[in-house]
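Participant: From Swiss-Prot, for reference:
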BINDING   GLY101, ALA102, PHE134, ASP219, GLU220, VAL221, GLN222, THR277  pyridoxal 5'-phosphate binding site
BINDING   ARG137, THR276  N(2)-acetyl-L-ornithine binding site
MOD_RES   LYS248  N6-(pyridoxal phosphate)lysine
Amino acid sequence: MTDATTVHPLYDTYNRAALRFERGEGIWLITEDGERYIDFAAGIAVNSLGHSHPHLVETLKTQAEKLWHLSNVYEIPAQEKLGRRLVESTFADKVFFTNSGAEALECAIKTARRYQYVSGHPERFRIITFEGAFHGRTLATIAAGGQAKYLEGFGPKVEGFDQVPFGDEAALRAAITPETAGILLEPIQGEGGLRAFPEEFLRLVRQICDENGLLLLLDEVQTGVGRTGKLFAHEWAGIRPDIMAIAKGIGGGFPIGACLATAEAAKGMTAGMHGTTYGGNPLGMAVGNAVLDVVLADGFMENVQATALVMKQGLASLVDRYPNVVSEIRGRGLLMGLKCVVPNTSLIQALRDEHILSVGAGDNVVRLLPPLITTPEEAREALKHIETAVERLSIANPISKTV
């Protein structure tokens with residue numbers, strides 16, 4: 001035991017900003033000292049309805065007075081309700097609830113492998129992924145992502161994942177072997193730098209899967225639940241996956257994840273093949289249903305798209321006027337990235353100085369992830385602060401070199 005007065009009790013796995021927030025209201029976070037920040041980090045795309053949304057708060061309070069947790073050996077009506085609503089709104093026939101995106105990806109991977117097994121192809125267990133991907137922090141999902149910085153020191157890489165360069169059709173086709181079970185990708189890579197696969201490439205991947213008897217697995221943990229202006233990002237390309245992992249926005253801040261699949265893809269996931277202690281608990285299911293009450297309401301997606309347009313136009317103006325600071329806008333809807341010329345950490349700090357919270361990403365990108373309830377008027381206010389931050393960096397870095 002160490003001296004609790006001198007040693008911090010938590011793992012040293014986070015480089016935390018010196019900010020402490022006491023409460024939140026809509027798109028705002030308020031510190032212990034009463035300072036207000038516009039939260040365009042949204043818990044890394046989690047707080048889809050902002051902070052203290054009245055419908056979510058009331059739903060959680062009501063459910064907390066009834067049931068918190070039940071084992072999945074019993075029927076949970078709210079779980080069946082949320083599952084049915086997701087099925088009715090998507091390609092899927094079946095849903096498995098988890099507590100996080102990583103767990104949802106684990107379920108997706110197991111579902112794909114199990115499908116091939118019960119289809120008479122036990123040799124098909126490998127999953128093709130794309131360089132720059134991020135699929136979670138479990139041993140299997142860091143192997144799926146393939147990034148060395150997340151694999152270092154954790155022993156042998158879990159077998160069964162093959163990375164190919166981003167958007168490379170030839171490499172993708174060459175990676176397919178008799179052992180391949182499926183292809184896994186994020187429609188827009190989040191941590192990978194807000195790199196969006198072109199719609200035509202997504203359609204091509206769907207075609208390649210069909211031609212080779214493979215399953216298409218989508219990681220919509222960050223892109224899903226309205227973040228891009230449609231319920232799920234793959235809808236823009238008009239494709240239907242076989243399996244999809246979701247989390248983040250579906251809970252609005254409460255830890256919920258889910259793996260969605262067609263009946264065919266899920267046919268191997270029979271009793272005893274997978275399980276979870278907390279996944280699908282009554283508290284989480286109540287909140288998930290409350291989130292869908294709002295997200296599926298008439299006019300909600302239109303507001304997301306209208307706010308996204310305001311943000312895109314404002315950020316485009318900054319790229320035009322401050323090319324020594326930012327060079328490109330990436331992403332879609334309210335999943336936005338600014339490709340930086342200065343170090344992205346400099347822009348993150350400059351934004352924080354202007355009381356705008358943002359998130360870093362790979363490829364020297366800064367993510368802006370406004371809550372989906374952000375109005376065009378609030379977006380315009382935020383853009384004023386963003387411009388001030390960018391202008392200050394421009395003055396300080398008149399001849400910045402590309403990082």
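Cβ atoms are placed via backbone N, Cα and C, with glycine included.
Small disclaimer: the values here were computed from a predicted structure and weren't measured.
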Participant: Per DSSP, to which secondary structure element type does PHE134 (pyridoxal 5'-phosphate binding site) belong, with helix, strand and coil as the options?
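Facilitator: Looking at the DSSP assignment, PHE134 (pyridoxal 5'-phosphate binding site) belongs to neither helix nor strand, so coil.
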Participant: With every protein chain in view, how many other Cβ atoms are within 10 Å of the Cβ of ARG137 (N(2)-acetyl-L-ornithine binding site)?
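Facilitator: ARG137 (N(2)-acetyl-L-ornithine binding site) is surrounded by 13 other Cβ atoms within 10 Å.
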Participant: If you count CB neighbours within 10 Å, which one among the binding-site residues ALA102, VAL221 has the smallest count?
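Facilitator: Counting other Cβ atoms within 10 Å of each of the binding-site residues ALA102, VAL221 gives the minimum at ALA102.
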Participant: When DSSP is mapped onto helix/strand/coil, what comes out for ASP219 (pyridoxal 5'-phosphate binding site)?
Facilitator: strand
Participant: Have a look at the binding-site residues (GLN222, THR276, THR277) and report the one with the fewest Cβ neighbours inside 10 Å.
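Facilitator: Per-residue Cβ counts within 10 Å for the binding-site residues GLN222, THR276, THR277 bottom out at THR277.
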Participant: Within 10 Å of the Cβ of GLY101 (pyridoxal 5'-phosphate binding site), how many other Cβ atoms can you find? Include all protein chains, please.
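Facilitator: Excluding its own Cβ, the number within 10 Å is 28.
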Participant: When a 10 Å sphere is centred on the Cβ of the residue listed as 'N6-(pyridoxal phosphate)lysine', how many other Cβ atoms does it contain?
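Facilitator: Cβ-Cβ neighbours of the residue listed as 'N6-(pyridoxal phosphate)lysine' within 10 Å number 29.
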Participant: Of all the binding-site residues here, ASP219, GLU220, which one's CB has the most other CB atoms within 10 A?
Facilitator: ASP219
Participant: Taking the Cβ of PHE134 (pyridoxal 5'-phosphate binding site) as the centre, count every other Cβ atom within 10 Å, in any protein chain shown.
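Facilitator: Counting Cβ neighbours of PHE134 (pyridoxal 5'-phosphate binding site) within 10 Å gives 23.
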Participant: Looking at pyridoxal 5'-phosphate and its recorded binding residues GLY101, ALA102, PHE134, ASP219, GLU220, VAL221, GLN222, THR277, figure out the farthest C-alpha pair and report it in angstrom, whole number.
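Facilitator: About 25 Å separates the two most distant Cα atoms.
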Participant: Are any of GLY101, ASP219, VAL221 (the binding-site residues) within 10 Å of the residue listed as 'N6-(pyridoxal phosphate)lysine' when you go C-alpha to C-alpha, and if so which?
Facilitator: GLY101, VAL221
